[in-house]
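What Swiss-Prot annotates here:
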- Cys131: active site, acyl-thioester intermediate (ACT_SITE)
- Ser162, Val163, Gly164, Pro165, Gly166, Thr167, Arg168, Lys169, Asn170, Asn273: NAD(+) binding site (BINDING)
Amino acid sequence: MSQKIKCALIGPGNIGTDLLAKLQRSPVLEPVWMVGIDPDSDGLKRAREMGIKTTAEGVDGLLPHMHVDGVQIVFDATSAYVHAENSRKVNERGALMIDLTPAAIGPFCVPPVNLIQHLGSGAMNVNMVTCGGQATIPMVAAVSRVQAVAYGEIVATVSSKSVGPGTRKNIDEFTRTTAGAVEKVGGAKKGKAIIVINPAEPPLMMRDTVHCLTEDEPDQAAITASIHQMLAEVQKYVPGYRLVNGPVFDGKRVSVFLEVEGLGDYLPKYAGNLDIMTAAAARTAEMFAEQMLAGKLTLAPVAPIAA
């Protein structure tokens, strides 16, 4: 298929730069713009060297070019604080917004759990939750699709070197958004999320712990089978997603211990937390793009809200 859907990325930091590398390999997506606010940023320089158009004037520098350059999908890898305004401007021009910040103004999307239902929903903004959410929510969902989960708790441990300034400013949003998605997408009645930023040298690979309390005695065989099935689904787009231990059963508690190794596109392989986020965003965009190219999905501009 030679035809591709054109994309723009807002935020040339760790996540935006890693995502750009993944989009360049995509059979259905073509990145054409990288948007930043600092003309001297490494991310913008790198994008220019790759032949990508750049602007250091923020999203307003992109808007006049969207129609001419045929941009239909925009990724926001900036901060929760500016996302709503970015999304509004992009949606008004008829482009789909894929949100990699914890802003969560659109529906949560965790590809192996609920991506299919978003494709026909007419949503013009989908939120990729957080790196911790992408790594752990599939496992909560794997348990909850077998039997009711009263409580789900996730702990994401990431290397300090892989956590950029945007993520550090959004720690509270990270925990709130992830906990909310553990409930809404994972299916737990109550969710909790904890992030640990580890300064150890050499840097540690991303590790995730998932605890689920089931309402009834856990069906160990069915839950184990469900977890391994879900593991295989995530590995389709994140090959370094591994089950280190578990599921471990202790009364009604089901525990799963995971490790996520990145592909090493931009950041080293220990930054699996960024890799799972960018891989999930690319996978989501590809599914939307395939529908658009097949004529099954047409994007429509979102009318501005009257003041």
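Yeah, the Cβs are placed from backbone N, Cα and C, and that goes for glycine too.
Annotated features, which come from Swiss-Prot, shown on the structure.
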{"residue": "Cys131", "record": "active site, acyl-thioester intermediate", "DSSP class": "helix"}
{"residue": "Ser162", "record": "NAD(+) binding site", "DSSP class": "helix"}
{"residue": "Arg168", "record": "NAD(+) binding site", "DSSP class": "helix"}
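Every protein chain considered, the tally of other Cβ atoms within 10 Å of the Cβ of Cys131 (active site, acyl-thioester intermediate) stands at 30. Taking CA atoms as the reference points, Asn170 (NAD(+) binding site) and Cys131 (active site, acyl-thioester intermediate) are 12 Å apart. Listed binding-site residues: Gly164, Gly166; maximum Cβ neighbour count within 10 Å falls on Gly166. Recorded residues Ser162 (NAD(+) binding site) and Cys131 (active site, acyl-thioester intermediate) have their alpha carbons 11 Å apart, per Cα-Cα distance. A separation of roughly 13 Å, to the nearest angstrom, links the Cα atoms of the residue listed as 'active site, acyl-thioester intermediate' and Gly164 (NAD(+) binding site). Its own atom aside, the Cβ of Asn170 (NAD(+) binding site) has 20 Cβ atoms within 10 angstroms in the protein chains shown. The binding-site residues Ser162, Arg168 differ in how many other CB atoms lie within 10 Å of their CB, and the one with the most is Ser162. Largest Cα-Cα distance over the residues recorded as binding NAD(+), namely Ser162, Val163, Gly164, Pro165, Gly166, Thr167, Arg168, Lys169, Asn170, Asn273, equals 17 Å.
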